[in-house]
Amino acid sequence: MSSVFGSVHILAMIAIQLLLTHSVSSLNLTNAYLHHKCSNTQGKYKQGSAFEKNLNLVLSTITSIGNFRDGFRYTEEGEDPNNVFVMFQCRGDSYWSKCPPCISTAVSGLRRRCPRNKGAIIWYDQCLLKISSVASFNKIDYENDFYLSNPNNMSDRGLFNKETSALLEKLAYKASDRNNLDGKQLVLYAAGEKRIGTKKVYAMVQCTKDLIFTKCFECLEGILRKFPQCCDGKRGGRVFGTSCNFRYELYPFLRN
């Protein structure tokens, strides 16, 4: 099983340092590029091919009629061998009108960074976008993850790790609760805060909405196991996958 976990550690430190220089209000408005991956296993499509036409149709459609109310859409176009599957997910506090700008940015960013790739993923601060020639609905992606961490450490690392992990685990249970609904739809997102000594930790967890609640918890459980590798004693950190992610900081980073 391959993974890109940890492959952007240098980028992580630079990105976090830049983010920390912004005010809280500015952070809430940023949509920084974080990472991307172009699939080498799915190959490339030819210009003017049926796959390209299907992809163009889907990408132009999702930016105009996407389900921005809940910040998620999974759609497909075409027939085998030219099937195109596209998924986008906006951050839990970036639904409705806050979602379309991120998706539009992601579409142009993915085209520029992974030209003609049949499979690709791009992450921004407020959304992710995935294109593929392979169906992935309700399937956890275990192969594509990475982390960003604050280069600065807490003084009491042991206590901080224990309490932050407990907060994230609590949020994972809440996000994947089958009774955590918006109407009839699973929310698959939770945010919270906790005081640890003199500091307050703010955190969130989220799954993509193609997952059922049991798959959501399974995904979150998997990335939370990477907390020691990502975030041991760090003042802030996040682990991103395609199917789920978590983040914590010592400052508010979510919209109300």
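Yeah, the Cβs are placed from backbone N, Cα and C, and that goes for glycine too.
Summarising the annotation, Swiss-Prot assigns signal peptide to 1-26 and lists sequence analysis as the type of evidence. The domain 'Gnk2-homologous 1' feature in Swiss-Prot is assigned to 33-136. According to Swiss-Prot, the domain 'Gnk2-homologous 2' annotation covers 142-253.
The residues of the domain 'Gnk2-homologous 2' (142-253), classed with DSSP into helix (H, G, I), strand (E, B) and coil, number 36 helix, 39 strand, 37 coil.
Per-residue pLDDT, averaged along the domain 'Gnk2-homologous 1' (33-136), amounts to 93 for this model.
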